[in-house]
Amino acid sequence: MSDRVVLAYSGGLDTSVAIGWIGEATGAEVVAVAVDVGQGGEDLETIRQRALDCGAVEAYVADARDEFASEYCMPALQANGLYMDSYPLVSAVSRPVIVKHLVAAAKKFGATTVAHGCTGKGNDQVRFEVGIQTLGPELKCIAPVRDLALTREKAITYAEQNDLPIETTKKNPFSIDQNVWGRAVETGFLEDIWNAPTKDVYDYTDDPTFPPAADEVVITFEKGIPVALDGKPVTPLQAIQEMNRRAGAQGVGRIDIVEDRLVGIKSREIYEAPGAMALIAAHRELENVTIEREQARFKKTVGQRWTELVYDGQWFSPLKKSLDVFIQDTQTYVNGDIRMELHAGRATVTGRRSNTGLYDFNLATYDEGDSFDQSNARGFIELFGMSSKVASRREQGLAGN
């Protein structure tokens, strides 16, 4: 039996050509694996059949949308995962679930190697290969674009010469990656960081300059997970999809950033994540109501480190798993409702309520009914400022000598 290579298959030109390209370069049989994480487009059966028509000996497709939303997007939400305070890990958080299915397929079909379509200068090569090495240490990895010199021009020529059932003439000027958590756009004229994005860059969001009437939504959370919208129960996937639709219609979630890549270069990226950004804003505000101050301060540090690990392809690392435990513990009391207005590119919190919150009206009010004993303040201030007072006394004494 020939060696087998499992290929992360998208159904597009590059990975369709890679089936035959890998076979000719290595002599191995290719098993195509397509994972649906909410990227839209063609249905899985069409993609599966194309892989077989392009020469794959097996084609495995998986609808991982619910799994992706529940087991990957929700932890990112609970961590308030925003890389460089801006990017909600759109691509980074999808790679581990794809890796999981690639490794499972390799074991199922007896493959010794996993192939992916990443270049040698992006983050995804690291995310895929570190994940594969972790879950399937016996597996080898190859990247046709990086390792077998498969350029787009060669891919077009190969497809035409071999009559592959794939479109070769239409070329999008951008490199696009998308899933239910968001959409990433790069390359083309965007590589000049002075160039403003044009309208054709965007797909998940409408122009916020001319928005429809404001849209008010109430998001209900249990343990940091959205469980209802406007009182209607939803799954995590449904929550993201509905918020994508509603926030996207208002132009919420457009991000334009020069990003520090893992491989050491800076890259200009355009992201659209209407649902993710609105949900993170709502979740963060509910945490303000429900999490104790010192715990909240430390969680921000933990969340930032968690985000960096996921961005860097360390989803399966021991440290990330340990941080998961802390973050999950902080979510115990993150229950309640957030009212939010979506309008003109902004998701603005206008109300919050929680039965497990730490906000005490009687302590906070300045009106009648105030139960805060202000006489305690003087002693607190004296003790709180003691160390600074003593240090200042020392400095003044030394200055006088």
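Glycine is no exception: its Cβ is also placed from the backbone N, Cα and C atoms.
Taken from Swiss-Prot, the feature ATP binding site covers A8, Y9, S10, G11, G12, L13, D14, T15, S16, G117, and the record attributes it to sequence analysis. Among the features that Swiss-Prot reports, L-citrulline binding site is placed at Y87, N123, R127, S175, E259, Y271, with the record citing sequence analysis. Residues or ranges marked as L-aspartate binding site in Swiss-Prot (evidence: sequence analysis): T119, N123, D124.
Known features from Swiss-Prot, placed on the structure.
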| residue | record | Cβ contacts under 8 Å, 6 or more apart |
| --- | --- | --- |
| A8 | ATP binding site | T15, V33, V35, I98, L102, V114, A115, H116, G117, F128 |
| S10 | ATP binding site | A34, I47, G117 |
| G12 | ATP binding site | I166 |
| D14 | ATP binding site | G117, P144, V145, L150, R152, A155 |
| S16 | ATP binding site | Y9, R50, A51, C54, A159, L164, I166 |
| N123 | L-citrulline binding site | S91, A92, R261, L262, V263, Y311, D312, G313 |
| D124 | L-aspartate binding site | S91, R95, H116, C118 |
| R127 | L-citrulline binding site | A92, R95, P96, V99, D312, G313, W315 |
| S175 | L-citrulline binding site | V185, E186, T187, G188 |
| E259 | L-citrulline binding site | Y83, M84, Y87, K266, S267, R268, E269 |
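Listed in sequence order, S86, Y87, P88, V90, G182, R183, A184, V185, G253, R254, I255, I257 are the same-chain residues six or more apart from Y271 (L-citrulline binding site) with CB atoms under 8 A from its CB. Look at Y87 (L-citrulline binding site): DSSP puts it in a strand. Taking the centroid of the Cβ atoms of A8, Y9, S10, G11, G12, L13, D14, T15, S16, G117 as the ATP site, the other same-chain residues with Cβ within 8 Å of it are V17, A18. Ranked by how many other Cβ atoms sit within 10 Å of their Cβ, the binding-site residues Y87, T119 place T119 at the bottom. Close to the recorded L-aspartate site, the chain also has C118, K121, G122, Q125, V126, R127, V263: residues not among T119, N123, D124 whose Cβ is within 8 Å of the site's Cβ mean position. Among the record's L-citrulline binders, Y87, N123, R127, S175, E259, Y271, no two C-alpha atoms are more than 19 Å apart, and one pair sits at exactly that spread.
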